[in-house]
Amino acid sequence: MKIGVFALQGAFAEHRTVLQRLGVASCEIRQRADLDGSCDGYILPGGESTVIGKLLHELNLQQPLEELIDRDIPVFGTCAGLLLLAKEVTGKEPTYLAKMDIEAKRNAYGRQLGSFAAKAPFAGIGEIPMVFIRAPYIVKTFGSAQALATLNGKIVAAKQGNLLVTAFHPELTDDTRVHAYFLDMVRRAAQIAS
Ligand code: GLN
């Protein structure tokens with residue numbers, strides 16, 4: 001198994017460290033040639049959604065990534081990655097890949113003081129630590145997206161088919177269970193495809 005981590009901006013190195021701890025190979029996706037179909041799943045990290053979204057478009061990565069998602073290749077988006085995958089973003093904010101049936105609110109906890117840590121239950125895992133950095137939350141799911149975790153009544157993780165999103169940064173904690181959850185999705189998708 002190999003996971004491609006989009007390395008355009010943001011917290012991509014931390015995701016690779018977690019994958020390494022779980023014994024899974026990964027590579028960095030920086031240009032069109034890196035999306036050669038050799039990965040079983042992809043991670044869109046946190047960072048700045050406007051910057052990553054612009055680079056995806058400018059580097060001609062957006063369309064091939066959309067095609068991978070349409071082929072049910074698993075993709076895990078954290079924080080900015082969640083915003084990139086959302087079909088709707090509250091207010092006048094742009095959408096990017098627009099593949100997941102969620103409405104996300106950007107900088108939903110406030111811009112400057114919006115960073116904090118919390119603990120909450122994650123469906124199928126149990127209570128996990130969550131680190132939020134100028135995070136979005138999910139205002140609502142619709143269609144076939146399902147909430148996996150809520151914090152103070154706000155949805156902070158969701159799944160739809162082979163798409164997984166968290167508003168928080170599991171790669172910034174010592175707890176590898178959300179990545180292991182994604183890797184299970186990747187293994188199942190690979191089994192179905194073979
Ligand atoms: N506030 C950022 C955005 O709008 C997301 C923050 C993060 O990824 N930690 O893209």
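Heads up, the Cβ atoms here are built off N, Cα and C, so glycines get one too.
What you are looking at is a predicted structure, and each value in this text was computed from that prediction instead of being measured.
From the candidate list R16, R21, R71, R106, the residue TrEMBL records in the L-glutamine site shared with G47, E48, S49, I133, R134 is R106. Checking the recorded positions E48, I133, E171 against ligand 1, the ones with a C-beta less than 6 Å from an atom of that molecule are E48, I133. For E171 (active site, charge relay system), the same-chain residues 6+ apart in sequence whose C-beta sits under 8 angstroms from its C-beta are A11, E14, H15, T17, V18, P45, T78, H179. Cα of R106 (L-glutamine binding site) to Cα of H169 (active site, charge relay system): a distance of 15 Å.
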